[in-house]
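Just below is one structure, and these are the notes that go with it.
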Amino acid sequence: MWDFIWNDFLVTGEPIIYGAMASIVLATVGIVFVLTYFKLWKWLWDEYLTTVDHKKIGIMYIIAALAMLFRGGVDALMMRTQLALPNMNFLNSVHYNEIFTTHGTVMILFMAMPFIIGLMNVAVPLQIGARDVAFPFLNAFSFWTFFFGAMLFNISFVIGGSPSAGWTSYVPMAGPELSPEINQNYYLLGLQLSGIGTLATGINFLVTILRMRAPGMTLMKMPIFTWSALITSIIIIFAFPILTIALALMTLDRIFGTHFFTLAGEGMPMMWANLFWLWGHPEVYIVILPAFGVFSEVISTFARKQLFGYKAMVYAMCVIAGLSFIVWVHHFFTMGAGAGVNSLFSITTMLIAVPTGIKIFNWLGTMYKGRIRFNVPMLWALAFIPNFTIGGVTGVMLGMASADYQYHNTYFLIAHFHYVLIAGTLFGMFAGLTYWYPKMFGHKMNEKLGKISFWFTVIGFNITFLPQFFLGLMGMPRRTYTIEPEWMPLNLLSTAGAFVLAAGFVIFTFNIYYSARYEPREKTGDAWDGRSLEWATTTPVPHYNFATVPYVNSHEAYWDMKETGATTYDESKLEPIHMPSYKGLPIIMSAIMFIASFGLVWHWFWLAIPGLLGVIICMVIRSFDFDEGYHVPIEEIKRTEEQARGRKE
Amino acid sequence: MKNLVSWFKRLFMVPGLFALLLVASGCSGITVLDPKGPVARTQQELIIFSITLMSVIVIVVFVLFFYMIIRFRERPNWTDKDYDPHQHGNTTLEIIWTVIPFIIVAALSVPTVTSLYALEKPPEETNDQEPLVIHADTSNWKWYFSYPEQNIETVNYLHIPENRPVEFKLASADSMTALWIPALGGQKYNMAGMQNTLYLQADEEGEFAGRNANYNGSGFAEHTFTVTSESEEEFNQWVSDVQNNAPEMTKDRFDEYLEPGLAQEAEYSSTHLEYVDFGMNSGRSYITDLYSGNLGEQLHLEGGEGGPWEEE
C-alpha cells in the first residue's frame, strides 16, 4: 500500500516536484487558516461557491484564468531556461516533455478559455440589458466543471505524473500501447470534464443573447463584443462535441481496450489528428474572436468615435467563423494527403486573411479622425494591431502548403502562434480586464503600474518570439528538450525576453493588489465615458443589474442615452425583478464528477461507478427542484438605486 | 500625386531590399533559406516571394497605424476640426481593403498550387534519371534506411548520390514521425501501416543534418541522422563496401533494434524489408507483438548528450 503510494501514486524523485508539493501544501494551509481565522467560510459559501450571479461567476473565471496563466507561465520559464544554452541540464527529456504538454494544455484550455468566458460572463448580460444569463444554474455548473477539470489536470504533476504527449496528444504515441502509464488519462478526463462546462456555456450564451436582449436591440444593434460572444458560442456548440467524442474514443481505447486509434488492431491514428483539429482550429477562433470584440469596444471608446464599419466587422466575424471549420488540414499538410487536398486547404487558410484584414483596417479607420486617449486598456488594444499583423502574415506564409513543409513543427510555427495568441488573445484579455475592471470591482487598475507592466510585456514578448522565426528557419524543431550550438545566440535572447515578459505579468498581478488598496473608488458607473449599456448602470452593479431596462435604438445604446439624458432608473417603470436563487448543487455535482473522473484516471471502478451514480442522483435532485427564484421588491430597488446614485439624504 | 507615386515606389523597395539582404548575407546560417537541392530551392523561392509580399502588407499597416496614433492623439493644443465622432464607415474604402487581400491571396495561391503539384514528382531538372529508392522507416528513436535495389541497410545515417533524385518511401513501426532534411527540402510524415513518398535531391556534395521533426516521446531530441551527399562513383564505392563488408540484418538483430531506445550508426548487407514492411497494414502489429508492455519505456536524456548509447 505505502509502496504504491510512494512509487506510483505520488510523483517522487524530482526536487522541483517536491518544491511544488511543499508550496501546494503551504498554500492550502494558508488559505484554510485565513478563511478560518477571519471566519470567512460562510461568506465564501454564500457569496461565491453557491452563486449563480453572472458577475461573480465571471470574476471566479478570471481569477482561475490568472492562476492558470501563472502555472503555464512557470512552465514556460522552465522550458526557456532549459533551452537557453546547449547542454543545459536543468530538465531531462521526460520532464521537459511533461512541461511543454502542460504548458500548451493549460494555456489554451485552462487560461485562454476561462479568461474569454469570464469576460463574456461579466460583460454580455450587462451589454444587452439582461438581469442574468438565460440559465443561471447551468452557468454555475459550467464554471465548476471547468474548475474541477482544471484541478484534475493540474494535480497530475504531483499525483501520478503529468501527461507528456503534447497538447495535441497524437496517437499512436498517446495511445495505450506506447503510453501505458496513467498520465495521459489526466489529459483526457481533465479536458472532458471542463469541456462539458464549455459546451454548456456556449448554449447558455447563445440563448441569452438571442432571447434576453433589451427592447429595441435587434441583432444589428448589439454591441460588437456581444456579437463576438454570440459567434463564439455558435462555434463552441459546433466544435466542442467533436472534442468530446474524440476524447471519449481515446478514453475507451486507453481504459477499456477498444481500438479506435490504436497502433495495432486496425485503429485509425490519422482519425485522431483529423478530429482533434476539426475541434482545434475552430478552438483558436473561439479564443480570438472575443478578443477582437474587446478591441473593437476599447478602440472605439478610447478613440471617442463610433466603430468604423460596424456591419463589416460583424460580417467579417461570421466569415471567419465559417472558414474556421474548413481549414483544419493545414495542421498536417505533411501527412501526405496529396497536392489536391493541400491546395484546397491552402487556399481556404489564406482566405482567412481577407476578413481579418478587413477588421485590421476597420480598427485603423476607427482611430481616423478620432481623439485618442492612451489609457492602459487602449495601450493593449494598440499593441495588438502591429504585433497581430506579424502573427497574421506569418500565418498566411504557413498556409502555403509547399512552404509549410519547411516550417511545419519548427520554431517558426511556435513564433507564429504565440504572435497570434499572445498579441491577440492575451493582450485582448488584458485590455478587457483593465477596461471592465471598474465595473467588476468598483475601482480602476492603477494606470502607472499598468503602463509599466504593459511595456515589460510587449517588449519582452517581442524579444522572446521574434528570434524564434529565425530559429525555425535554421532548422530548430519544436518540442526538443535541447539545442544545437549554432542555435545558441537566438535562444539565449529568447530566454532573456521570456523573463522580461514574466516580469510584466508579475507587475500586472501586483497591480491588482495595489489598486485594491490605493486606487480611488469609482463614483459613477461610467468609468471611461463608455458607449454601451454596461456603463449605464451604477458601480458597483446591483445584483439585478438594471432597475429598468431602457429602449435601445442603436449599437451604442448608452451613448444615445447620454445625449437624451435617459437612465436605467426610471421610477415610473419600476417593477419587482425576478431573480434566480443561489444553489449549492453545481459545485457539489462537479465535485462528484471530479471524484468519478479521478477514479477513471486510475482505472478504479470502485470509485468511478459510485461517482457516476452520484452525478445521476444530483441530476434527479435537480429535476425535482421547483424553486422558481424570488422577486426583488420595489422598495429594495429604490433603496439600492438611490444609495448608488447618491440621491439619498 | 507624383510624390505619392515615388513614396509608393520606396515602400515597395524596402521589403525587396530586405529580402535581397536575407538572400545575400544571412542565409548561410539559415538552413531553409540556403537550399542545397531543387526541392529546397522551390520552397525557398516561395518563402522569399511570400516574405516580400507580406512585408508590403506589414509596412502598410505599420505606417497607417503610426499615422493614426500620432495624428489623432489627444494633445494639449487639440482642436476638433479633425474630429468626426459620427463617421461610421466608408463603403469605397472598405471595398478596396476587401478586394486587395483577395488579389494578394490569389497571387500567393498560384505558386503554392503549382509547387504543390511539382513536389509530388521527382525534380524536373533530373527527370532523365531513375530516382534512387530508399525506404526510410522509424521506430522509437531510430532511423532505418533500406536500399532495396542495392540490398543494403543503414541505421541513423544516409548516403545519397548528388544530382540524382531520391525517392523516399516513408513508414513507421510505432509513433508518427517525419523525415526532414532542411537543406534538401521539407518534411513528410512516417506513419504506421501506410506509405508516404517524398522526393528530395542534393545538388552538391556535403554533409547535411536530418531529423525526425515530429515529436515522438522522450528520445525525440536524439532522433536524428546525418546525410552524406557524394559523387556517383563514391556512392557506388560505398555501396559495394557495405555489400561486401557489413553483416546481414538478421531478423533477431532487427527485432533488437525495435526495442525502444537509441542506437549507434551501423550498416548491413541486407534489409529488414524481408521480414516486415511497416508501410503495409500487415506490418502494424509487428512491434506490439514483439514488445507489448515495453513500448512505453521512457528515456531520461540529460544535458543534450546522446543518452545511454554513448557509453556503449
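Using the three backbone atoms N, Cα and C, a Cβ is placed for every residue, glycine included.
Note: TrEMBL annotation is automatic and uncurated.
Per TrEMBL, the feature domain 'Cytochrome oxidase subunit I profile' maps to A:39-553.
Residues or ranges marked as transmembrane segment by TrEMBL: A:16-38 (among others). Residues 10, 44, 78, 95, 157-158 of the same chain, all 6+ positions outside the transmembrane segment (A:16-38), place their C-beta atoms under 8 angstroms from a C-beta of that stretch.
Per TrEMBL, transmembrane segment is recorded for A:59-79 (among others). Among residues of the same chain six or more beyond the transmembrane segment (A:59-79), those with a C-beta under 8 A of the stretch's C-beta atoms are 16, 48, 90-91, 96, 99-100, 102-103, 106-107, 110-112, 114-115, 117-119, 121-122, 143, 146-147, 150, 154, 429, 433, 440, 498-499, 502, 505, 509.
Summarising the annotation, TrEMBL assigns transmembrane segment to A:99-124 (among others). If you look at the transmembrane segment (A:99-124), the same-chain residues 6 or more away from its ends with a CB under 8 A from one of its CBs are 54-55, 57-62, 64-65, 68-69, 71-72, 75-76, 78-79, 91, 130, 133, 139, 142, 146, 149-150, 153-154, 156-157, 162-168, 187, 190-191, 194, 198, 201, 205, 208-209, 225-226, 229, 232, 283, 286-287, 290-291, 294, 421, 425-426, 429, 432-433, 436, 439-440, 479, 534.
Annotated transmembrane segment per TrEMBL: A:136-159 (among others), in sequence order.
Taken from TrEMBL, the feature transmembrane segment covers A:186-212 (among others). With a cut-off of 8 Å between Cβ atoms, the residues of this chain six or more beyond the transmembrane segment (A:186-212) that come close are 101, 105, 109-110, 113, 117, 120, 124-125, 128, 130, 133-135, 138-139, 141-146, 148-150, 152-156, 160, 162-163, 165, 169, 174, 222, 226, 229-230, 232-237, 240-241, 243-244, 247-248, 250-251, 254, 590, 593-594, 597-598, 600-601.
Feature annotation from TrEMBL assigns transmembrane segment to A:224-250 (among others). Residues 116, 120, 123-124, 127-128, 169, 171, 174-175, 188, 191-192, 195-196, 198-199, 201-206, 209-210, 258, 260-261, 272, 275-276, 278-279, 282-283, 285-286, 289-290, 292-294, 296-297, 300, 307, 310, 313-314, 317-318, 321, 324-325, 532, 555 of the same chain lie 6 or more positions beyond the ends of the transmembrane segment (A:224-250) yet place their CB under 8 Å from a CB of it.
The annotation transmembrane segment is assigned in TrEMBL to A:284-302 (among others). Residues 108, 112-113, 116, 119-120, 223-229, 231-232, 235-236, 239, 313, 317, 320-321, 324, 359, 363, 366-367, 372-375, 377-378, 380-382, 384, 417, 420-421, 424-425, 427-429, 431-432, 435, 528-532 of the same chain sit 6 or more residues outside the transmembrane segment (A:284-302) yet have a Cβ under 8 Å from a Cβ within it.
Marked as transmembrane segment by TrEMBL: A:339-358 (among others). Long-range neighbours of the transmembrane segment (A:339-358) within the same chain, counting only residues 6 or more positions beyond its ends whose Cβ lies under 8 Å from a Cβ of the stretch, are 309, 312-313, 315-317, 319-320, 323-324, 326-330, 333, 392-393, 395-396, 398-402.
Taken from TrEMBL, the feature transmembrane segment covers A:379-401 (among others).
Annotation comment: TrEMBL describes A:413-437 (among others) as transmembrane segment.
Per TrEMBL, transmembrane segment is recorded for A:449-470 (among others).
Taken from TrEMBL, the feature transmembrane segment applies to A:490-514 (among others). Sequence-distant contacts of the transmembrane segment (A:490-514), counting only residues of its own chain at least 6 positions beyond either end whose CB sits under 8 Å from a CB of the stretch, comprise 66, 69-70, 73, 76-77, 80-81, 83-85, 430, 445-446, 449-450, 452-465, 467-468, 470-471, 474, 483.
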### Query
Which whole number is the mean pLDDT over the domain 'Cytochrome oxidase subunit I profile' (A:39-553)?
96
### Message
For the transmembrane segment (A:449-470), give me same-chain residues lying six or more residues beyond its boundaries with a C-beta closer than 8 angstroms to one of its C-beta atoms, as numbers and ranges.
### Response
80, 376, 379-380, 383, 387, 394, 411-412, 414-416, 418-419, 422-423, 430, 434, 490-491, 493-505, 507-508, 510-511, 514-515
